[in-house]
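Trainee: Quick one: the structure is below, questions incoming.
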């Protein structure tokens, strides 16, 4: 999740062209950024405590967190403000956050140290690779995707993270009854998300009208979102529950 309109999205999607070898299409852009003193402190002191490395093996998150608890996986937490707010408000839940932007990773880690929170673990890599290799099937209670890069231009739509392959990967990782919660401030992308998820097998749209849900109270409001509301911009939330 991010306080910017286009936070680096967080994963990769494979597309196949019969005339060419398979290649990887990234849905995120690695953006350089200077580290503040606090962000560097987070990386230096927080990463050894809360950071996780990509592995080829399924991870035992009960052992990593030292308990059994409902588990949320967040793709693209931006600067980590909303992650910190959610984790502080729900100490009985565990959060796994993934972000490729190093200043954002450092900011979240510094926040965890400052607030004394222990229910968050952090990856700094491709979120889809974490899902594929590190997360057991049917193990997540929620997956959060807040304000991913909408890739406005039509020729870039293939870079959007929400695609049929993504929907199926997430379905496998969610428990039955688990929920994929997405939010975007770009209406065409909201419609794209709705189309993809409505066609994906094994899900139920939790919206009463079969479209979008009211903003859930558990999703923190970002600075960017508040600014957008003052300007009359909309935000669309989608919740799809795994039913099969």
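The first residue you see is number 1, and the count goes up from there.
Cβ coordinates are placed from backbone N, Cα and C, and glycine is handled just like the others.
The shown structure was predicted, so the numbers you read here are calculated from the model rather than taken from an experiment.
The following feature annotations were taken from Swiss-Prot:
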- 149: active site (ACT_SITE)
- 74, 99, 126, 149: S-adenosyl-L-methionine binding site (BINDING)
- 153, 185, 222, 223, 224, 225: substrate binding site (BINDING)
- 1-10: compositional bias 'Polar residues' (COMPBIAS)
- 1-20: region 'Disordered' (REGION)
Trainee: Could you work out which of the recorded positions (99, 126, 149) has its C-beta surrounded by the smallest number of other C-beta atoms within 10 A?
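Mentor: Each of the recorded positions 99, 126, 149 was scored; lowest Cβ tally within 10 Å is 126.
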Trainee: Give me the Cα-Cα distance between residue 99 (S-adenosyl-L-methionine binding site) and the residue listed as 'active site', rounded to a whole Å.
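Mentor: Cα to Cα, residue 99 (S-adenosyl-L-methionine binding site) and the residue listed as 'active site' are separated by 13 Å.
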Trainee: List nothing but the one residue from 153, 223 whose Cβ has the fewest other Cβ atoms within 10 Å; the candidates are the binding-site residues.
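Mentor: Across 153, 223, these binding-site residues, the one with fewest Cβ atoms within 10 Å is 153.
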Trainee: For a quick check of understanding: given the listed substrate-binding residues 153, 185, 222, 223, 224, 225, what is the maximum Cα-Cα distance in angstrom, as an integer?
Mentor: 25
Trainee: Taking just the CA atoms, what is the gap between residue 126 (S-adenosyl-L-methionine binding site) and residue 222 (substrate binding site) in Å?
Mentor: 23
Trainee: If you count Cβ atoms within 10 Å of the Cβ of residue 74 (S-adenosyl-L-methionine binding site), leaving out that atom itself, what do you get?
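Mentor: A 10 Å sphere around the Cβ of residue 74 (S-adenosyl-L-methionine binding site) contains 27 other Cβ atoms.
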